[in-house]
Amino acid sequence: MIVTRFAPSPTGYLHIGGLRTALYNYLYARANGGKFLLRIEDTDLKRNSKEAAEAIVEAFKWCKLDFDGEMVYQSSRFDLYKEYVQKLLDEGKAYKCYMSKDELDALRKEQEAAKQRPKYDGRYREFNGMPPEGIEPVVRIKAPLDGVIEFNDGVKGEIKFNCADILDDFIIARSDGTPTYNFTVVIDDALMGVTDVIRGDDHLSNTPKQIVLYEALGFKVPKFYHVAMINGSDGQKLSKRHGATDVMEYKKMGYLSEALLNFLVRLGWSHGDDEIFSMDEMKKLFDPTHLSKSASTFNQSKLEWLNSHYIKTVSFERLVDELKHFGLNLKEIKHAKLLVDSLRERSKTLVEMANSAKALLNKPKEYDEKAYKKFINENSLNLLAKFSEILDEDLNASGYEEKTIKFLEENEAKLKDLAQPLRVAITGTSVSPSIFEVIEILGSKEVKERIEKLINK
Ligand code: GLU
């Protein structure tokens with residue numbers, strides 16, 4: 001069975017790149033009837049992992065990603081890590097190193113002066129004398145110092161590292177007994193039964209160290225997939241400079257989670273030239289062999305394009321629900337369906353949609369200066385006044401249209417003479433969805449009142 005995981009370090013929010021990693025792992029597990037696990041990598045106790053975990057769960061909920069089993073906190077597993085450190089010590093695969101900080105600094109300086117790669121020189125590897133006093137030792141793994149470490153990366157293909165170039169006997173437990181990052185990852189992935197690790201290729205350099213540990217511990221090495229990073233539009237690694245990186249900011253900006261997930265899945269994965277993927281399709285089609293080797297670019301306009309697609313296509317009930325978060329209560333509005341259907345065609349975000357709806361539903365407080373100057377004059381006010389007289393019953397949009405055409409014929413006027421001044425009267429601006437739909441939504445009485453308000457301005 002495929003078992004994947006998402007293993008964020010607590011930062012207080014879910015990063016957009018993290019969500020992509022989570023999504024890939026989630027999809028791979030779901031596509032194969034496997035398991036998707038969540039682990040909070042909070043061994044650095046200075047950070048508040050509870051809050052950070054809550055932020056991740058909140059973002060998962062919003063995106064409707066579910067994980068299997070209990071969320072695992074590394075901070076609750078220190079005893080377990082200690083056990084395995086001891087095991088490696090007992091088996092002679094790891095050892096205590098009593099080098100002081102001064103000694104380490106001196107070694108580093110020497111190596112730098114000789115233009116060598118700074119690395120631990122193994123001086124305690126075979127030590128069995130009396131430990132120096134007053135020094136709490138670190139524990140180091142006996143790493144292979146020559147030969148190669150090879151693995152077949154699911155994205156990058158055959159990867160080879162020369163041990164002599166990259167390894168030394170690296171630390172697995174610090175002098176205060178806390179385990180190091182690479183060590184906890186390996187213990188947890190192995191004990192949680194993780195078979196496939198999909199993660200950013202910024203972790204590629206950790207992989208040989210982790211393989212050393214898997215082998216020392218006698219655990220099976222999982223399959224790794226190192227996915228290329230997401231860049232901003234300037235080709236630099238995506239950061240706050242490029243816009244929001246917190247997933248929940250996208251919710252606040254009026255994106256639907258479907259759009260964000262669809263956007264993210266395509267940033268680094270493809271299925272032919274297809275662009276639109278529902279969650280069901282993603283689950284069916286996702287295959288990590290089509291993950292991209294090269295970095296992708298975060299393209300905000302593509303995200304907007306996908307968002308308008310989903311705003312156009314999700315159900316009415318769903319939009320009513322979403323729009324509540326933007327201060328729009330459509331439950332009390334008689335023609336809510338018509339309002340939503342006419343606005344969803346022209347909105348890139350829910351914020352835009354809610355604002356347009358509010359602009360329609362409330363009487364204008366002021367009139368856009370340009371629109372007023374352009375469309376409001378004695379003639380147009382006269383026409384509006386006359387038009388207001390025929391608004392004596394509530395009709396549907398085509399009923400209003402018919403009645404209006406008749407009215408225009410009788411008054412020898414054209415639709416353009418009426419439509420824009422009417423928009424100014426109704427919304428205070430010269431933009432709105434189809435004018436007849438707008439009249440149906442508001443009803444004759446309300447439109448009459450708005451015309452009157454403009455005339456009496
Ligand atoms: N905790 C690591 C991070 O947030 C991820 C570790 C991994 O995926 O192996 O970058």
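Using the three backbone atoms N, Cα and C, a Cβ is placed for every residue, glycine included.
Feature annotation from TrEMBL assigns domain 'Glutamyl/glutaminyl-tRNA synthetase class Ib catalytic' to 2-305.
With a threshold of 8 Å between CB atoms, the same-chain residues lying at least 6 positions outside the motif ''HIGH' region' (8-18) that come near it are 40-42, 44, 47-49, 51-53, 55-56, 59-60, 200, 229-230, 238, 244-248, 250, 264, 298. Residues or ranges marked as motif ''HIGH' region' by TrEMBL: 8-18.
TrEMBL lists 237-241 with the feature motif ''KMSKS' region'. Here the motif ''KMSKS' region' (237-241) has Cβ contacts under 8 Å with residues 16-17, 229-231, 298 of the same chain, all six or more residues outside its ends.
Non-local neighbourhood of K240 (ATP binding site): empty, since no residue in the same chain at least six residues away has a C-beta under 8 Å from its C-beta. Marked as ATP binding site by TrEMBL: K240.
Remark: secondary structure over the domain 'Aminoacyl-tRNA synthetase class I anticodon-binding' (319-455) totals 96 helix, 0 strand, 41 coil, with classes taken from DSSP. Marked as domain 'Aminoacyl-tRNA synthetase class I anticodon-binding' by TrEMBL: 319-455.
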